[in-house]
């Protein structure tokens, strides 16, 4: 029974160990994420962003941000752990080993006279005749007297000094750390022990594994459902206007799980009437179009209306129930749009190319959602060739303000940015009728807006020029600058209720054929990670070219300085296509700001193969799997919106063009493709 009680006393220690193994590392990960998140909160200081409340650090918001189920569960587990530590600490004091020498305050090997002196000294302090305290009497009887007897008896003393116990050698005992109540049941301790082993060692890990596998099989690494990726892949088309991208975007499986309540019918009807002009309905057949719209899946209808509420800034009219669904839709939007963009640039053609138009449409939709700007504002109008959408992302700007400043020959957003501070302030106050405080807010946002440049080079390592089949190394430095000097910062987005980081997508594409040859995501928030990646890439590139240690170190040092100065390195490898001249474009698209996209034109030439051997793999049909290029002319920096407007024609025009091409192909028979434009249109039809 004593052994059973001793084993039962170890049960809290066993539970404490099992809890500490996963709890301590998980807590460290949570704290590191919280610290890194806190370091990245450089955001816009305008009044609209301040009123949005998402950057305020009030006590209520701190408590609400902390009061999540995971955080509360973590806190509860730590409270239990602290209690178990306190309990085991006190328990260890109560169940300390009987040591007569330590009780009498002596060292092992002392003489009998010293033992008697120590006993008399403690007797004066704890003897019942000298000390009436009941605790002193108990300690004297149970500890001091037994310790004196154990040391004065020769046999007991010899056993203690030799075996550590007054009774001599003790047998080896084994037990299990179970609570005492499980072992007190007569005749059932064996069965209970078996159930405990099966439950803890088999069933519990099995249940955890089943739950984990069921969730992991449902989601990807970016926490997007596999069903969503499958839908995006099959619904993606080579030519999609932003309005058509919206139709694909709302088909996400995550949005299908948003509850559809009967009480939402009336608020959604009112919302529909508010955003009807943005739904691209045919005005000639409005009744049929409305009926067709409401016949869609209720979750799709609800999602699209809530997104339109964000684009038109009509979220203030939503009911409390719809407000929660609205926040859920916007919370999922950034990562769903990122996966949708990946589905656009994923290799689709025989040459391994993605599609440019839907990729740009996805980025445009992301910009509009973050800045709460209608898609219709991107259309070219009499006010500006690029639409009024860049103006509407500024605080205190509206259609009326844009029309007023347009009378003073401020036709484009770039014209407004290039004005002197005094002239711009005079224009906004005297012409637009804005107050000095409003102008100050606008200047703060203009200082936050990034300006991006791209410097791209392509070469075959160790060779002069690029020939057919060569593996070409693409290297691009993307440099970001802001008027206020910051590099990594959160964008101005007062109508987006969550923190959204700036991301940039570098696309190397052929605008004429609608093909994307290379794509990569770039972020300016993590400088340390960018330094590590750039150092590794430059080091490997220099070593591959046969450079010495000093040259490699100098190149790495130069790359680190560039990263600290606001540049990010983009590197990739492509396979050179067939002989010919290729007019390519390097796009740098921002997913948060409107009007900050840039592109670099690149005219390249691939020579006929004269070198021995093949430096790349060719597919069975003879088509090159990936394509590369050789730089011939200087890169020209220009605004993306100036001359790419024709790429966003409606799908009906695209269908007519494709039908005409198909008709000409049938009339002429099978004709060999000699010009690059006919090659790319053929890949589109495939």
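Yeah, the Cβs are placed from backbone N, Cα and C, and that goes for glycine too.
Predicted automatically and left uncurated, TrEMBL annotations should be read as such.
Ranges compared are 148-169, 170-191, 192-213, 214-235, and TrEMBL records transmembrane segment for 192-213. The stretch that TrEMBL tags with transmembrane segment, taken from the ranges 44-65, 66-87, is 66-87. Listed by sequence, the residues of this chain that lie at least six past the ends of the transmembrane segment (12-29) yet keep a Cβ under 8 A from its Cβ atoms are 74, 77-78, 80-81, 84-85, 87-88, 91, 177.
Look at the domain 'J' (99-164): DSSP puts its residues at 49 helix, 0 strand, 17 coil.
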